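All remarks here apply to the structure that follows.
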Amino acid sequence: MAVKISGVLKDGTGKPVQNCTIQLKAKRNSTTVVVNTLASENPDEAGRYSMDVEYGQYSVILLVEGFPPSHAGTITVYEDSRPGTLNDFLGAMTEDDARPEALRRFELMVEEVARNASAVAQNTAAAKKSAGDAATSAREAATHATDAAGSARAASTSAGQAASSAQSASSSAGTASTKASEASKSAAAAESSKSAAATSASAAKTSETNAAASQKSAATSASAATTKASEAATSARDAAASKEAAKSSETNASSSASSAASSATAAGNSAKAAKTSETNARSSETAAGQSASAAAGSKTAAASSASAASTSAGQASASATAAGKSAESAASSASTATTKAGEATEQASAAARSASAAKTSETNAKASETRAESSKTAAASSASSAASSASSASASKDEATRQASAAKGSATTASTKATEAAGSATAASQSKTAAESAATRAEAAADRAEEIAGAVAMEDASLTTKGVVKLSSAVDSTSESLAATPKAVKAANDNANSRVPSNRKVNGKALTADITLTPKDIGTLNSVTMSFSGGAGWFKLATVTMPQASSIVYIALIGGAGYNVGSPHQAGISELVLRAGNGNPKGITGALWKRTAVGLTNFAWINTSGDTYDIYVEIGNYATSVNIHWDCTANASVSVYTSPTYSASKPSSVTDGVVYTMYSSHQKPTPSDIGALPTTGGTVSGPLSVTGGLTGSLNGNASTSTKLQTARSIGGVVFDGSANINLPGVNTTGNQNTTGNAATATKLQTARKISGVPFDGSTDITLTAAHVAAFARRATDTYADADGGVPWNAESGAYNVTRSGDTYILVNFYTGVGSCRTLQMKANCRNGGLFYRSSRDGYGFEEGWAEVYTSKNLPPESYPVGAPIPWPSDTVPSGYALMQGQTFDKSAYPKLAAAYPSGVIPDMRGWTIKGKPASGRAVLSQEQDGIKSHTHSASASSTDLGTKTTSSFDYGTKSTNNTGAHTHSVSGTAASAGAHTHSMTFVSGGSSGAPGSGSPDYSKYSVNTSSAGAHTHSVSGTAASAGAHAHTVGIGAHTHSVAIGSHGHTITVNAAGNAENTVKNIAFNYIVRLA
């Protein structure tokens, strides 16, 4: 959520700054803002501005028209920052304000080291470029040297051809001998070149060894750099000479000042490493100088070789061997130049690596090793080329003249490239010098950082030692080695401002934890506002628990009933006091102290269990927004119902309370309330004693009066009541002076009318109520109910109507005008019923009697209590409830309880009503939806597809493949055979001789040996493969008959219909009457 920064931008004189733009530039990333993004706000002419700023840190820039941008400062918006002006945020304490000056100076030194490291990196890159240029030049020199060697080999070939020509000439035998000798010398020279190549290889090996040493040193440096980089990851003041370590130190400087001393030590080590690198660079410089000298020597040798090649060209036939030698020397010199150029490149690279030894020396050392290996390979290749040149020198003579010129050109090119290599070596030396200078500056910066670290004793601070501590914004840390930032201090301050001291108490309760105050804790009563809905009647107000001996409950209802202006009695106060008994007998006593005639008029209670009582009150109409106050003793409890249940009549089985009326100037007692006579008069039974006399006048005779207060004259005779008087001409004879009728008159001379009735004094007259346009004080007349009662046009009055067994009173109001000329009302005795009827125009009564329902004579129930009533609205009429499966108070609604003894109204939502079957079901039992079991018939038409014949095919005669060749494994013993005999010839006389020899004079005879030699042979192996054959198959033309026949199909009837069984319907709410 953003924080609002608003106010008025003013100058030093308090005037609003106009035509100004406020820019907020993000200084770092936050959860919602990306670094370096700009936000602008343009104040109005009065200088007013308002900005909703996201959390983060911003640089505030003021852009005033006609002036350059002005940096006003830096603001930091935290998540808990409060809204304020730009001045508030610019003047707020920042993290930098809490950092020691020494730390800031140290960070500046770290930045300077980083800049120097950057310069070292740039110089290193320049050195690498120079070394690359030198390597390129060396490669080109090697290429041209190779070309020169090729030319030399071609010259050697030409020389060889020349030698052959010289040998074929009989006149050049001696010369050939000389040339042979020179060829021997060339061979010796080639051997020397081979030796030189071996020397170069040895030098390359030495370079390889040096490179390996450099690699090991670089690896050591890399290890040290890695160690220091690890230290720098937790230290914001790492002054390592490497650029990456410096950057890491700069990033973490604000969070790890505790390792500044270690960083300073690392800076010293890096400075020492820089010194070592300087030494290595100097050595590399010396080697580069030597390489340059060698390159110059190679150049000179190449020039000599070119000159010798030129001379050989002039004396091709005489000095072919010398030309070959010169070419070989040129090739050797070029090879040496290539090798030296490579060494110069390697040394230049070593100088660059040494300059950035604090960074990643290991990689460059590996590169040096690779290049050294390449130099070694090149040297070996040069030696091989030299040997090849030596072996072919004697065979290359005749082409020396033609190729000498090319060799000279190649030698010239080699010389040029050697010069370029020397220039590259010079550039490498200059790059080395620059790197050396950067290393010196880095060492100086590290020394300064070490001095500052030593000056401020930058070691970890503790509770007993001064030093540097790490900043932290945590508000829940218990560390003794971290320092709080302004953000943490602000959070602690805000937290403290929102709290109170832990030893403070509220109404006597300690604040060691959350507390809950009751009305008694603050000296007040419990209070709630409620409305009594339903009209006049009885309500269940509260449930109280009142232990015996003793407990008290006090409940006050303020507000009364009704809300008519000018009716102050409706603003009533009623107070209910309940007091428990002493347990013998057990119970409570209650009194209602009523101050007005409306509002709470009566109360009662029911003992539901133990010491618990439900309190019911009777309240009049419009008792809305009534304040209820209550209190009780500590051992009692009161639960007031904010939505009390309503009943039109008093609940059954209640105990009535006593109602006391509190009289006031508004509510005065009647004479009967206090046993007095009203001011309009009355009868006093018994004697009346008056002390001190009576004031005013008394009308009428009194038993104690003796005379009239004021005498009166009767017939001219004064009478005060104290004595009898005589009236002349009445009871005393005498003269009388009378005017008009006298006492002797029997009627008036002129008859008069009294209310329209003539009166002359001769007879009595009777005046009716009609005569004076008034109701009769008694019955106006009597009619019989059987005759239709009082006619519609009878005079207004009260009539007695007779019927069998009793009578009833009828009041007739007859006006004689208008559409409704008569209104009659009749009532039975003992509040037995009240009825009315009215007439129309002159037609009389066209409707019968209509009954007026009262609280005693309630209207008949069109629906018995408990019967569900369809209701077309979600608004339930008063005295009814929706049937939703809810419970109800059976004591408040006994008639409903008779219908539903469980005290639960059925839930009729989504249900219909079904008449209970004759058997198998109970009242109020539920039956889930379903359909009557039934079947479906389905069939598919049968189709006879007949017998079908397929088409005829003739496959002809087919032959199988020729196969079946196989072998047999043979094992066993052959039959015994081989038995035979031998025949031997003997000479008679017992001597024997060789067969077929001897004297023919001797007799001879033959003897056969016994038969022997029978034997067997074991046989094993595989018989030769045989048996391959083929078969001929005649298929012939044929057909197939397919019998399909009649068949049936399975029919699947898909489901259809609603989720449940329904008929056309309209949704009503079911309600039930509460009674």
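Note that Cβ sites are derived from N, Cα and C of the backbone, with glycine treated the same way.
Remember, TrEMBL labels are computer predictions, not curated facts.
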For which of the residue intervals 230-259, 560-589, 830-859 does TrEMBL record region 'Disordered'?
230-259
TrEMBL record, region 'Disordered', of the ranges 71-95, 271-295, 871-895 the matching one is 271-295
Under TrEMBL, the annotation region 'Disordered' belongs to which of these stretches: 107-130, 131-154, 299-322?
131-154
Summarise the region 'Disordered' (919-949) as counts of helix, strand and coil residues per DSSP.
0 helix, 5 strand, 26 coil
For the domain 'Lambda-like tail fibre protein N-terminal' (1-134), the DSSP residue counts stand at 43 helix, 43 strand, 48 coil
According to DSSP, how is the compositional bias 'Polar residues' (494-503) divided among helix, strand and coil residues?
4 helix, 0 strand, 6 coil
How many of the residues that make up the domain 'Phage tail collar' (866-913) does DSSP mark as helix, as strand and as coil?
6 helix, 10 strand, 32 coil
